[in-house]
Every structure is written in C-alpha cells, then in structure tokens.
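Student: Handing you a structure now.
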Amino acid sequence: MSNIIKYKKKILNGDLLTKEEVEEILEEDITDLAATANEIRESLCGNKFDLCTIINGKSGRCQENCKYCAQSAHFDTDIIEYNILNSDRIINSAISNYNKGVHRFSVVTSGRALNNNEVDTLCKTYSKLKETCSIRLCASHGLLKYEDLKRLKDSGVTRYHNNLETSRKFFTKICTTHKYDDKIETIKNAKKAGLEICSGGIIGLGETMEDRIDMAFTLRELSVESVPVNILNPIKGTPLENQEILSYEEIIKTLALFRFILPTVQIRLAGGRTIISDNGKKALESGVNGAISGDMLTTLGIETSEDIKMIKNLGFEV
C-alpha cells in the first residue's frame, strides 16, 4: 500500500497526520497526490464551494515593510493611495457581488491596524450592509485589539482575516516591522471575540516546502476555518520584483499537501491566479474548495461569471 493511500485512510478515519508522515509523501507523484487530496476534500467537505470577493477599502501608505506588498510606504510602487472608501461605494460593491453569486465579501485595509475613527466608520458601514444584503461579511484590518474585533462582530462581521504569510522561521526574511506573534495574538483575539478565522499565506516568496508545511501546521493549531493560498505575483518596485514565479506543479503540490494537513478547512485559492496557465482549474482539482474571485487589492483577478462557470463545470456546488 502506498503512503498516499495509507494516510488517506488515516485521515478519513478522523485522525490527523504528523509532520513526519507528511514528509513521507513529499516525493510522491504529483498527479496521485492531487487526486487523493481531492478525494479527501470530497469525502470530508463535500462539493460545496465557498466563493468570496474583496474590496480595497483603504489603499497604500502602509508603514509596515512586507517585501511582497505594493502598498508599503517603504517601496516605490505605482499604486493609487486613498483613505477609507465611503459607505455607499462599499455597500454597492457588496450588493453587486452578491447578485453575481458570491457568498462572502471582505473589506481589506492597508496599514498595521485601523485607528478608532476608522473602525467606527467601517462598523457603521457593516451595520448598514447587514441590513441591506445577505452576503456574509468578512474583514481584514490588520493587528486590531480585542475590543475593536468585538465591535466588528457586533456590527455584523462573521469572519476575520489575518494571514500568517509564511512560517515563523521565514517570516523575518519578509517583514521586520511586526512580529509573527503579533499575528497569532490577533487571530486568538478574533476567535475570543466570536469571529471565524481566515488565515493563510503567500507561496513563492523564496521559502521552502518545509516552511509551507510549518505554516500549515501552525494554522491547524490555531483551528482556522479558511486558509487562503496566494501565489506571489511579483510587483515592480518591491524587493521581490524579480522573484522567480513558482511552477504550476509546485503550486498544485502545495495545495494538495495542505489538504492532507488540514482535511476539513476551506482551502481557498487566492491571489496570483492570473499568472498560472488555466486560471487555476487544475489547482481546484487538488483539494481546494474555495476561491477569491474578481480583482485583488492591487492586481487584476478573474471575472466572477467566468469563475462560477469553471467551478460548476468541475462538479462543485456554488
């Protein structure tokens, strides 16, 4: 019996793999690995696909120095900068996406964390949106304190997003203005406030597969509900502008391994899909059951109607 089949049976019996067991399947055939990851997804999660979209609610002028990010004030990138979008703009975007068939909508803001006035402004918007539209509300506003996270929950937000980005070991190579533990504290405070958690990272930063596996195990320890996997799309003007783009095989392998490590979560194909050959079709057959549709924060994405057609053709329910 191959290790893939052996560990699939273990997972379907309700057990979790150890890091050593995951390392035993690293060199297995990628096609077999992806197919088995998809079988695990279908058995434990069904065919329901979770589709979300985001809006850049505050752009640029960020004081953090994340090397991949176009919004950092430390780098010379050609992006539009603006403060918090007005309420009508956010609400209209949410309604438009809901009418297209999107399940979740997230306002994402630049900066280490929003200030009190900005939290107040967005909480009012979320409250209006909750009364106006049935789309599920997510938020991504940086390293907020518990009190602000509770205010978001009370205004209608159901899920908070804060990416770990990579492993603890590799994190200092991409950011030095805040710490890995700052992120973990925020995630724990969001859970304490009653929010679900969406947390994942970016692959292709120069990290190893071991780093990705370490991140996945940390996410498992944190009991997150959704794991977005972004593929680095190198941005001109950032320190990673010349970073080599990952091969599609490496992307598929990473997604499949994440399903083996995180058998019941929503694994969400996120940013960077436009740089792979088929908009992520093969990736969606590798254990994935969620995606961000539409444009990203500072880069173009996939049109939602195109996404839904592809997702349904793969046998998912949207």
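Any Cβ shown, glycine's included, is placed from N, Cα and C.
Owing to the predicted nature of the structure, the values given are computational and were not obtained by experimental measurement.
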Student: Considering the [2Fe-2S] cluster binding residues Ser106, Cys138, Arg268 given in Swiss-Prot, which of Cys62, Cys198 is annotated for that site as well?
Tutor: Cys198
Student: Among Cys62, Cys66, Cys69, Cys198, the binding-site residues in question, whose Cβ has the most other Cβ atoms within 10 Å in this structure?
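Tutor: Within the set of binding-site residues, the most crowded position is Cys198.
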Student: Once near-sequence residues are set aside, which residues in the chain of Ser106 ([2Fe-2S] cluster binding site), 6 or more away, have Cβ atoms under 8 Å from its Cβ?
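Tutor: When sequence neighbours closer than 6 are ignored, Ser106 ([2Fe-2S] cluster binding site) has Cys52, Thr53, Ile54, Ile55, Leu137, Cys138, Ala139, Ser140, Arg159, His161, Cys198 within Cβ distance under 8 Å.
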Student: In whole Å, note down how far the CA of Cys69 ([4Fe-4S] cluster binding site) lies from the CA of Arg268 ([2Fe-2S] cluster binding site).
Tutor: 20
